[in-house]
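Undergrad: Below you'll find the structure I mean.
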């Protein structure tokens, strides 16, 4: 008898970590150096804020905020209670664990390394980022998409999730159930693409539960969660 295989796809900010990693780093800019209006205007609901954050990183570089300081700010963000333990347990339960996030690869990989879960994550999908030789953090969009009106141009999480599942199928891996875990409006699209028998796991008190409750197209069951402890219990109950 084949052992069931599962997929858990996580958002990062306010899902694995208890804050927005971009905002935490942006807040390293002191009030004596206000962000110019022309930079603030780079953000839009359609285009996202990858370009905006690129300019924020340039400001940080100009005022001599170091790579070490930036990464220290990111890696010191606390986990959402129980999330590291949740991920460790999911691996034992024969899950693939992936992260799909509009943060960036540098922040996510460093945080996961610091918290000892980097080897447990099958794949991270996020905006590419790296520090250049002058310690300027350079970020690029994950992709440029115009087909999904639910998502920003630089990242359609639903497309990424479907492509991951398709690639694993080519490797001979199929998932009995898919769990998508998130909190915000950009987590609606991937859940809307799930099928019956899958689960959209929405963090209570955030935007996502309301979006799912009002949706007429979502086929996946909704699991509400507050932290990694109660979410682990709810997932265990579904994969017995």
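Each residue, glycine too, has its Cβ placed from N, Cα and C.
Remember, TrEMBL labels are computer predictions, not curated facts.
Just lifted these from TrEMBL, have a look:
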{"type": "ACT_SITE", "residues": "11", "note": "active site, nucleophile"}
{"type": "BINDING", "residues": "11, 13, 183", "note": "Mg(2+) binding site"}
{"type": "ACT_SITE", "residues": "13", "note": "active site, proton donor"}
{"type": "BINDING", "residues": "22, 102", "note": "substrate binding site"}
Undergrad: Could you tell me the C-alpha distance between residue 13 (Mg(2+) binding site) and residue 102 (substrate binding site) in angstrom, no decimals?
TA: 9
Undergrad: Which of 102, 183 (the binding-site residues) has the most other Cβ atoms within 10 Å?
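TA: The most densely surrounded of these binding-site residues is 102.
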Undergrad: Want to know which recorded positions, from 11, 22, 102, are within 10 Å of residue 183 (Mg(2+) binding site) at Cα; which are they?
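TA: Within 10 Å of residue 183 (Mg(2+) binding site): 11.
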Undergrad: What is the interatomic distance between the Cα atoms of residue 102 (substrate binding site) and the residue listed as 'active site, nucleophile', given in whole Å?
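TA: Rounded to a whole number, the Cα-Cα distance is 8 Å.
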Undergrad: Around the residue listed as 'active site, nucleophile', which residues of its chain at least 6 apart sit with Cβ under 8 Å of its Cβ?
TA: 99, 100, 101, 157, 181, 182, 183, 184, 186, 187
Undergrad: Sort residue 183 (Mg(2+) binding site) into helix, strand or coil using the DSSP assignment.
TA: coil
Undergrad: DSSP secondary structure for residue 22 (substrate binding site), reduced to helix/strand/coil, please.
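TA: SS state of residue 22 (substrate binding site) = helix.
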Undergrad: Around the Mg(2+) site formed by 11, 13, 183, list the extra residues of the same chain whose Cβ is within 8 Å of the site's Cβ centroid.
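TA: Neighbours found: 12, 14, 15, 16, 101, 182, 184, 187, 203, 206.
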Undergrad: May I ask you to report the DSSP-based helix, strand or coil state of residue 13 (Mg(2+) binding site)?
TA: strand
